Amino acid sequence: MAVTQQLSPAYPQPSRLDERGVLEIGGCDALELAREFGTPAYVVSEDDLRGRARAMLAAYGARAERFEVVFASKAFPCTAVYRVFAEEGLGCDVASGGELAMALAAGFDPARIYFHGNAKSVGELRAALDARVGTIVVDNGDEIARLEALLGGRTQRVLLRVTPDVRGETHAAISTGQADSKFGVSMADAPAAIARLQAAPGLDLAGLHFHIGSQLLDVVPYLRAVAAVAELGDFPIVNVGGGLGAAYTDERPPSIEEYVAAKVDAVQAHLGLDRVIVDEPGRALVANSTVTLYTVQSVKRNVSTWVGVDGGMSDNLRPMLYGARYEVQVADRFGGDVLCHVAGKHCESGDVIARDVMLDDPRPGDVLVTPATGAYGHALANNYNGVPRPPVVFVKDGDARLVVRRETSEDLLARDV
Ligand SMILES: Cc1ncc(COP(=O)(O)O)c(C=O)c1O
Ligand SMILES: N[C@@H](CCCC[NH3+])C(=O)O
């Protein structure tokens, strides 16, 4: 019977099936949320965001004296989310002038901002310098030259991003640590880049940065990456990237504690703990905070059973980009025995949110839920087929509040001149 069904770890904390078998997130009934805010909609449990930030801080606090946890904001760039993590005491990783603007608008202390990017423009570097961001993570020699030219007597703290030639087990599109990478300087070129940064007046090289990949389910590669960068010298800061994977369906990522322990142990083994460890989690802080609600528009049988919903690749591009898998349920009838493909509304056959999922007799009007859409969901949303991007709704203690409104047709026309 549906009400006895357990929710998988993909769902936010707190969420449950109520006595009628209806999904409740942050104390809010999923069907009522769908009625109030429409669908598709991203529903975010604020307590889940805060809980994961606190768990990450506590795990570092238990093992290291000097550390900084930095929110990789590319994973969920909206001011309400930035604000939560600023309040929780995290730093912030931005990867463009746009993310910088959002982080500043949300109230992040510029000193806690790390400015990233493999192809930073003059305009972006100037914006970072003018905002007095604490750290620019330098990616390449051309950027060093550009930065020197822009300093105008100022001093800027920098880290150097190094590509450690360590591959994490993940989808090729989100693996970054391999030698043949667009990110960072190679191990071979790193000594010259370090010497150049150390010689540059106005640039204060405080340490090295690496990031080996995203959605990593194994912590062993971190040890190899720290060992590699340790060969390049001893600095006050080591930035160990983010990368911890999330549970989408049957993945069982390391816990936050296991992940932090592995990174701290690696630093202790190869560098020692007398330095600041900076970590940049994105996905692990936000993926499981959020569910997407959809409404079924059509159910048909074309060899398979196809359930068509009112969103798709415009609100969740990850299945198309990475073959990512998601759980789907009818929000008030979990479980079921009808084998379905849940498809989006877009003009692409690949626009399928989940293949081969079991639903309980899906019908037009049913609200469907996809958990674990917090990371790179809103972030990668787009207007394909002129579909307005969904709202973001925060839920907490039974209250729901809109933090990003749904786009309108006027928004779609707003930039046309
Ligand atoms: C430099 C950098 N830091 C942090 C992250 C965040 O990674 P994740 O979301 O896997 O934790 C990324 C993206 O993978 C990144 O490129
Ligand atoms: N967009 C990717 C993650 C990118 C990682 C950024 N360095 C995903 O959804 O899995």
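Just so it is clear, glycine is given a Cβ too, placed from its N, Cα and C backbone atoms.
These features come from TrEMBL:
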{"type": "DOMAIN", "residues": "50-287", "note": "domain 'Orn/DAP/Arg decarboxylase 2 N-terminal'"}
{"type": "MOD_RES", "residues": "Lys74", "note": "N6-(pyridoxal phosphate)lysine"}
{"type": "BINDING", "residues": "Gly243, Glu280, Pro281, Gly282, Arg283, Tyr376", "note": "pyridoxal 5'-phosphate binding site"}
{"type": "BINDING", "residues": "Arg283, Arg318, Tyr322, Glu348, Tyr376", "note": "substrate binding site"}
{"type": "ACT_SITE", "residues": "Cys347", "note": "active site, proton donor"}
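Positions of the features from TrEMBL, shown on the structure.
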residue	record	DSSP class
Lys74	N6-(pyridoxal phosphate)lysine	helix
Gly243	pyridoxal 5'-phosphate binding site	coil
Glu280	pyridoxal 5'-phosphate binding site	coil
Arg318	substrate binding site	helix
Cys347	active site, proton donor	coil
Tyr376	pyridoxal 5'-phosphate binding site	coil
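Checked against Arg283 (pyridoxal 5'-phosphate binding site) by C-alpha proximity, the recorded positions Lys74, Cys347, Glu348 yield Lys74 as the nearest. For Glu348 (substrate binding site), the spatially nearest entry among the recorded positions Lys74, Glu280, Gly282, Tyr376 is Tyr376, judged by CA separation. Comment: substrate site residues Arg283, Arg318, Tyr322, Glu348, Tyr376; largest CA to CA distance 27 Å, whole number. The binding-site residues examined here are Gly243, Pro281; by Cβ neighbour count within 10 Å, the least packed of them is Pro281. Checking each of the recorded positions (Gly243, Glu280, Cys347, Tyr376) against Arg318 (substrate binding site), the C-alpha distance stays within 10 Å for Tyr376. With a cut-off of 8 Å between CB atoms and residues at least 6 apart in sequence, the same chain places Asn385 near Cys347 (active site, proton donor), listed in sequence order.
Cα proximity to Lys74 (N6-(pyridoxal phosphate)lysine) (within 10 Å) is found for the following binding-site residues from Glu280, Gly282, Tyr322, Tyr376: Gly282, Tyr376. Its Cβ placed at the centre, Glu348 (substrate binding site) has 13 other Cβ atoms within 10 Å. Taking Gly243, Glu280, Pro281, Gly282, Arg283, Glu348 as the candidate binding-site residues, the subset whose CB lies under 6 angstroms from any atom of ligand 1 consists of Gly243, Glu280, Pro281, Gly282, Arg283. Distance noted between the C-alpha atoms of Gly243 (pyridoxal 5'-phosphate binding site) and Tyr322 (substrate binding site) is 16 Å.
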